[in-house]
Amino acid sequence: MEEGSRREEPQKEEEIWSWGAGTDGQLGTGKLKDELLPQLLHLPSLAASAAGSISMLACGGAHVVALTSGGRVLTWGRGTSGQLGHGEMVNCLYPKAVNSLEDHVITHVSAGWSHSGFVSDGGCLFTCGDGSFGQLGHGDYSAYSTPAKVSYFVNNHVEQMACGMRHSLVLLKGSLGSQVYGFGSGKRGQLGISVEKIKSANLPRVTAGFEDIQITTITANGDHSASLSVDGKLYTWGRGFSGSPDINVPSCTLPSLSFSQVALGWNHALLLTDDGEVFMLGGNRHGVLSNTEKLMNTAPNHLPGTESSSFTSELFILSTSLFLCPLTSFIFLVLITVDGEVMTWGWGEHGQLGLGSTSDETDPCLVRNEKEVVAISRVYCGSGFTYAVKAVD
């Protein structure tokens, strides 16, 4: 769903804010309740220490994985499938270190619906949590409450992992032709390993179509998968957008454009071009594509208000929800402006828009706290909840 890599930056004091769904402890407030407005967290375990400050968060179905600048990992929230990696299958209200990874320097983390992935600086991949679809890559369908090394890649250098709802992608370093692998649920083509539908795979299998393409980024969410190549080409596979047919192997999408970032949602994607324009693919349930009267009548949809490159080069998205209706998926989006303002819209049932209500919004709205705008440098989204990080001068 959402993944992150450790950033080599000077340590700065930071404020961490959270809001939205919190009934599994995923907000880190110590309370089992939703929060409709941004809450400033007071978490000693997340304060700068020998392990370093928090450099990245990854948010899953109802759990959070924090990566420090020193390569250490803390997790909290729902842990009933072992996704927290604490050696037990229980929830945790506050950040807690994943002790089994302390002998490794972790550089990349990812969080799925109920599973987690961790990549070390030595290129080792560790996974834990729900494995009922094979998404952990251990050759079985078991749950693991402690991160276990994925032995399939013992002779390879893993660079990135991306967790979808019930599937996983892996990007290898310096391995042109067999650099992307998929495992887990494949019923919508999200593994990209065969032109035929594959129900699931419990061991990594090569994603087809990248034999002569250098991939730099992978991402997964829901039943979608995507990647960016070194020349900015976007490839998508898995569940089709807006009711279009599923794609079983990677396909170059919008080949006339060059992209710098892609973020996947439950049934949509948010795209950032090299020129700073933001585009969206997919459905507009709960206003996820903003006011349709303001959208260009083309595909993909151009997000109103971005013509002057008003958005920062970093964008994040969430799509999945704990609750699904037969005909719709619940979606919300978050963007950061160059001034550090956070704008949200879409599904708001749990307060994940941070606007003080549970209403849906069809247009981007400015997030405020106590009537003041909080200048934010990074945001991260889980299923119905949001985290924001502010650097303190």
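Heads up, the Cβ atoms here are built off N, Cα and C, so glycines get one too.
TrEMBL annotations:
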DOMAIN    16-387  domain 'RCC1-like'
REPEAT    14-70  repeat 'RCC1'
REPEAT    71-122  repeat 'RCC1'
REPEAT    123-174  repeat 'RCC1'
REPEAT    178-231  repeat 'RCC1'
REPEAT    232-275  repeat 'RCC1'
REPEAT    340-392  repeat 'RCC1'
TRANSMEM  315-338  transmembrane segment
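Each of 123-174, 178-231, 232-275, 340-392 was scored by its Cβ pairs under 8 Å to the repeat 'RCC1' (14-70), and the highest score goes to 340-392. Taking H, G and I as helix, E and B as strand and the rest as coil, DSSP gives the repeat 'RCC1' (71-122) the counts 3 helix, 23 strand, 26 coil. For the repeat 'RCC1' (178-231), the number of residues in each DSSP class (helix H, G, I; strand E, B; coil) is 0 helix, 26 strand, 28 coil.
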